[in-house]
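Enquirer: I have a structure here, written as structure tokens, and I will follow up with some questions on it.
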Amino acid sequence: MQRRTFIKSISAMMATSTTLGCVSNSLATEKHVSITDFGLRPNSGDDAIPALQKALAYCKKHPGTSLIFPLGRYDFWSTKADRDFYYISNNDDGIKPVAFPLTEFKNLIIDGQGSRFVFHGGMVPVIVRESSGITLKNFSVDWDVPFHCEGIVEAVNKKESYVDLKIKDGFSYKVENGRFIFVGEGFENPVIKNLLEFDTKRQKQAYMARDNFQREIQPVTTEIRPGVLRLQGKYPTWPKVGNTLLLMQERRDWPAFSVQDTKNTWLENIDIHHSGAMGVIAQLADGIKLDNVNIHPKDGSGRTVSTTVDATHFINCKGHVVLKDCLFQGQIDDGTNVHGMYARVAEIHDSNTITFELVHYQQLGIDIFKPGSKVNFSDSVLNVFHDNVVDKTVRQDAKYWTVSFKEPLDTALKVDDVLDNMTWQPDHVMISGCRFTGNRARGALLTVSGKIIVENNYFSTPMMAIKIGSGGLKWYESGPVESVEIRNNIFDNCNYAKDSSAIDIVPGRKSKATTPYHQNVKIYQNEFRVYNERVLTTSRTQGISFVSNKIVKTSEYPERKSAFAPIHVERSSNFVYQGNDFIGFGHSELLFIDGQLVSGSGKLEGEG
């Protein structure tokens with residue numbers, strides 16, 4: 001197996017010469033080394049970084065080594081960690097201290113043997129870059145002081161527009177000049193991005209609680225007594241006394257794992273209890289598997305939040321992407337995203353050459369087009385009208401690249417059209433035996449052309465459980481899908497924070513186009529437990545089947561009337577609907593096909 005990372009480690013290089021002399025020759029032949037051989041003991045409270053730098057320098061010189069951490073707690077401080085500038089897609093770029101900078105490693109196993117890795121200050125635990133055959137297993141990741149803040153609502157005064165909040169133990173902050181400031185080990189952040197209400201008993205986003213984005217206008221904050229804050233400002237939905245209010249900071253600086261330009265990366269038996277960004281972010285990874293990777297607050301911590309944004313995210317990866325027996329709980333965004341990245345045509349130079357732009361500021365610097373890559377070009381409504389092969393690329397800066405193609409470009413090409421790398425797409429995406437619950441936003445966002453299988457999972461998410469979209473004007477996430485099977489899953493009262501369907505298959509750019517975008521989606525033998533009656537919404541999809549599913553009406557949340565039918569189909573063809581069992585609905589108007597409600601028993605077949 002292989003794994004790889006992305007850092008140019010200056011301090012590790014400096015440590016190499018002294019390290020190798022400290023390790024006996026017998027260790028080099030055994031291919032197993034212990035972190036204790038480099039002077040670090042578990043539960044010592046010492047900074048693990050100096051010993052780890054020596055150990056990694058040794059492992060880099062000896063491909064095929066297993067680095068063992070005997071069971072215990074290990075502490076990592078940012079002050080002595082290797083630093084480099086990183087572009088990490090969908091996160092914030094910048095100079096980042098990294099505990100495990102695995103750049104240009106081969107066939108390395110890091111085995112924590114059940115240990116707890118605790119990090120201090122702003123840092124990234126692991127970056128795997130330009131490496132192959134990397135396995136990371138058997139440890140947990142956490143921070144002593146988290147990057148966000150949580151409190152229990154003590155009082156709500158709508159007339160004077162404030163909420164009183166008792167801050168939970170274990171969170172650090174200060175108030176200066178009427179402003180709340182996040183305080184961590186070695187960092188401060190004065191900007192609240194979002195105030196979000198969670199149901200304390202359910203440990204889920206509160207029913208129909210909306211995002212309360214702050215950013216430009218921060219709440220006026222007063223500490224009315226020790227540990228109790230009064231937050232005065234606007235609230236689109238008012239929290240309830242006794243519920244939990246999350247104070248989320250704006251930055252995405254500190255993901256737990258970043259995987260970049262790698263081949264065959266495995267994460268096994270890992271708990272990610274917290275991070276100051278995503279849990280696992282992979283870009284341009286050729287083969288990546290997460291097996292029993294559990295993202296959730298540590299038991300007994302009193303925390304509601306695990307990762308401060310998505311649990312996992314995979315961008316322009318190829319080969320296989322596998323999520324097996326994972327838990328995604330408490331992340332303040334989606335459980336997983338698997339997609340490509342559209343680039344915008346910024347300038348057309350001649351018949352073979354363009355300059356493209358990476359649009360979103362958190363996608364800059366990612367070299368998504370390489371010589372030999374097959375590229376599709378799409379118009380404003382995402383119809384593919386041309387394909388070509390990259391001949392050469394010239395990077396202008398982090399935002400713009402000039403690209404020459406092997407064949408003449410289509411004369412219909414214009415500025416603002418988009419291009420997508422079809423070479424860097426997964427052949428196979430498997431999500432099996434996973435649990436998505438207790439988060440903000442969606443479960444799985446899937447928009448790649450390879451074979452996608454979603455089976456034997458449990459979804460209980462505040463928005464869509466499965467979103468097949470792409471093409472939005474903000475993130476420029478590419479698609480479409482060509483082969484999806486969604487089978488034997490449980491969808492348990494999703495959409496309790498937004499009126500939407502459990503499964504939503506709609507392109508991200510709104511248009512009146514009737515041409516197919518997605519194709520070949522099979523949804524069968526699933527159980528949908530729904531309080532709001534909404535099950536499936538699809539548009540511009542060719543070849544969709546909804547077969548042998550069980551749909552049960554529940555009273556888990558207050559019923560909400562919707563303008564959408566349980567099965568809502570627009571501008572789609574080859575629609576197959578049969579053998580479905582609706583329980584507790586009390587009416588037969590279950591289908592909406594291109595403007596017409598259709599009554600049926602669940603055994604209708606036809607084309608929309």
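Just so it is clear, glycine is given a Cβ too, placed from its N, Cα and C backbone atoms.
Per Swiss-Prot, the feature signal peptide maps to 1-21. Annotation comment: Swiss-Prot describes C22 as S-diacylglycerol cysteine. Look at Swiss-Prot and you will find C22 tagged as N-palmitoyl cysteine. Per Swiss-Prot, the feature repeat 'PbH1 1' maps to 262-292. Annotation source Swiss-Prot lists repeat 'PbH1 4' at 449-470.
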Enquirer: Are there residues at least 6 beyond the ends of the repeat 'PbH1 1' (262-292) whose Cβ is under 8 Å from a Cβ of it, and what are they?
Expert: 1-5, 88-92, 122, 125, 128-143, 146-147, 249, 251-256, 298, 301, 303, 305-326, 331, 366-368, 424
Enquirer: Determine how many residues of the repeat 'PbH1 1' (262-292) DSSP places in helix, in strand and in coil.
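Expert: When I sort the residues of the repeat 'PbH1 1' (262-292) into the three classes, I find 0 helix, 26 strand, 5 coil.
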Enquirer: Counting by DSSP, what is the helix, strand and coil composition of the repeat 'PbH1 4' (449-470)?
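Expert: Output for the repeat 'PbH1 4' (449-470) reads 0 helix, 11 strand, 11 coil.
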Enquirer: Tell me, roughly as an integer, the mean pLDDT over the repeat 'PbH1 4' (449-470).
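Expert: Summarising the repeat 'PbH1 4' (449-470) by its mean pLDDT gives 98.
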